[in-house]
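Inspection log for the structure reproduced underneath, given as structure tokens.
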Amino acid sequence: MNSPVESAPHHIFADDSLSVAEQAEVLELGLEMKRNPIRKSLENRSVAILFDKTSTRTRFSFDVGVHQLGGHPIVVDSGKSQMGKKESYQDTGAVLSRFVDAVVWRTGAHQNLHDMAETATVPIVNALCDDFHPCQILADLLTIKEKKGDLRGVKAVYLGDGANNMANSYMLGFTTAGVDITIAAPEGFQPEQRFIDRAKLRADETGATLRVIGEPDVTGADVVITDTWVSMGMDADRDTTALRRFQVDEALMSNAAPDAVFMHCLPAYRGSEVTAGVIDGPRSVVFDEAENRLHAQKALLEWLFR
Ligand code: CP
Ligand code: NVA
């Protein structure tokens with residue numbers, strides 16, 4: 001909105017919307033953001049922050065983050081706007097582009113983002129959809145960078161629902177960073193081949209390894225990760241019996257590297273995908289991970305306006 005857009009905006013729809021070099025730049029900026037949080041990079045800019053699904057971390061971190069960058073955040077729940085009901089995403093994209101400088105959007109179908117992008121002349125940032133959660137992955141990588149130093153060669157294992165948005169984003173975003181990622185999930189919960197193929201392109205570029213296995217094996221892992229067994233929008237009565245053996249408990253953690261950390265994007269369900277002993281225990285970094293949403297997303301926004 002501030003300046004005329006002369007080229008297509010850089011949308012962040014998935015973890016490979018940033019190249020290998022671009023992701024590294026954003027993560028470096030995230031560390032700098034944490035050291036010097038109050039900035040002017042979004043001065044006189046407004047950001048629409050839209051939610052079709054519930055949120056705690058994403059809502060607060062984007063709202064506070066835009067404020068700390070000197071910008072104006074406008075947080076709207078979909079139920080309170082015309083979008084998607086009385087008005088198409090295409091019309092919404094055209095209208096919002098006349099008012100704001102970026103759109104941050106949590107929605108359901110990934111296609112919705114592309115529909116809005118048909119008309120939007122400002123960047124659209126995916127704040128979670130059914131297929132990806134790229135902002136969370138930037139925060140996770142920032143956390144691993146802080147805890148482990150160099151990202152390349154770090155071994156991460158994600159266990160549980162390997163077919164959800166987080167698993168797809170771990171495959172794409174971690175391979176981009178050069179982190180070796182294993183998805184451990186039972187049959188029926190493994191990632192779709194199209195997402196594996198897409199992540200393999202990044203793995204080939206960075207030399208990261210990408211594996212999908214059917215056993216809850218975390219031998220030698222530096223990072224152990226899980227997520228809810230029932231994501232937003234899924235049937236609450238979904239049969240998750242097959243996932244029980246993939247629960248992250250103390251016994252499983254004892255097979256990981258001695259200094260392994262436990263990560264979870266939150267919200268977490270103690271007693272399902274993780275035991276209270278692990279998530280509330282000494283190896284858990286989940287609240288550092290949550291805090292890093294703020295720093296990583298501020299870095300992403302500042303980078304987009306450079
Ligand atoms: N991890 C995450 O995106 O949390 P919220 O659903 O609370 O935003
Ligand atoms: N897979 C989870 C992530 C929540 C941040 C969901 O989509 O509900």
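Glycine residues also receive a Cβ, built from the backbone N, Cα and C atoms like all the rest.
TrEMBL has this to say about the protein:
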type: BINDING; residues: SER55, THR56, ARG57, THR58, GLN82, ARG106, HIS133, PRO134, CYS135, GLN136, CYS265, LEU266, ARG293; note: carbamoyl phosphate binding site
type: BINDING; residues: ASN165, ASP227, SER231, MET232; note: L-ornithine binding site
type: DOMAIN; residues: 11-146; note: domain 'Aspartate/ornithine carbamoyltransferase carbamoyl-P binding'
type: DOMAIN; residues: 153-304; note: domain 'Aspartate/ornithine carbamoyltransferase Asp/Orn-binding'
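Feature map: TrEMBL annotations on the structure.
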residue	record	Cβ neighbours (10 Å)
SER55	carbamoyl phosphate binding site	19
ARG57	carbamoyl phosphate binding site	20
GLN82	carbamoyl phosphate binding site	12
CYS135	carbamoyl phosphate binding site	27
ASN165	L-ornithine binding site	24
ASP227	L-ornithine binding site	26
SER231	L-ornithine binding site	17
MET232	L-ornithine binding site	16
CYS265	carbamoyl phosphate binding site	26
ARG293	carbamoyl phosphate binding site	25
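In this structure, SER55, CYS265 are the binding-site residues from SER55, GLN82, CYS265, ARG293 whose C-beta falls under 6 Å of some atom of ligand 1.
Not a single one of the binding-site residues among SER55, GLN82, CYS135, ARG293 has a C-beta coming within less than 6 Å of an atom of ligand 2. Spatially close to HIS133 (carbamoyl phosphate binding site) yet at least six residues away along the chain are ASN126, ASN165, MET166, SER169, CYS265, judged by Cβ distances under 8 angstroms.
Whole-number maximum of the Cα to Cα distances across the L-ornithine-binding residues ASN165, ASP227, SER231, MET232: 12 angstrom. Nearest by CA distance to MET232 (L-ornithine binding site), out of the binding-site residues SER55, ARG57, GLN82, CYS135, ARG293, is SER55.
Of the chain residues outside the L-ornithine site list ASN165, ASP227, SER231, MET232, LEU128, ASP130, HIS133, ASP161, ASN164, MET166, THR228, GLY233, MET234 have their Cβ within 8 Å of the site's Cβ mean position.
In three-state terms derived from DSSP, ARG293 (carbamoyl phosphate binding site) belongs to a helical segment.
According to DSSP, GLN82 (carbamoyl phosphate binding site) sits in a coil region rather than a helix or strand.
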